[in-house]
């Protein structure tokens, strides 16, 4: 059960501030449940629900957008997972553990904070865990992409005009040989899908081709 609770908490963190609807949690942890030998029967769901809500870093919210509100401790949804699922209640992780999930373990001690674009990049990578099809089945960890995404965003964020030649970025970040070029395309694809960068033909410092925020 501990492994299943850990997998469920990871899924809650991966949905960031909006949280994960109860109905979406079950398919998200199905592979982890099968691996643990725990079919997602009603008793297992109730036990997992109780374990998650016992964690101080997990809370419940109901409603969407500006109308979202915390679910009171006395609410039936706190005790009844079926009730919570019927009402579309969502599980939300605390901001601190979401930062940990994104790899920002010591953010509060840093001399400088992340820029908005850097934070957005990290959140988009996290969202890609379920939005772009990264899941237990293909065994690709969300954390595999965090350093590469942040490194590219750092480069562009520091550049004059927020633009750099692609070949220069690839050399600076050591995207070399066939493997490096494949890795570059993979990371760039995610950045472009998230709308964080644009790639177009232009001249930057007398060099052709660049990537830009």
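Each residue's number is its place along the chain shown, starting with 1.
Glycine too: its Cβ is placed from the backbone N, Cα and C atoms.
No curator has checked TrEMBL annotations; they are predicted automatically.
Feature annotations, reproduced from TrEMBL:
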type	residues	note
DOMAIN	1-105	domain 'General transcription factor 3C polypeptide 1 winged-helix'
DOMAIN	143-208	domain 'DUF7599'
Across the whole of the domain 'DUF7599' (143-208), what does the mean pLDDT come to? Round it, please.
76
Residues of the domain 'General transcription factor 3C polypeptide 1 winged-helix' (1-105) by DSSP state, where helix covers H, G and I:
59 helix, 13 strand, 33 coil
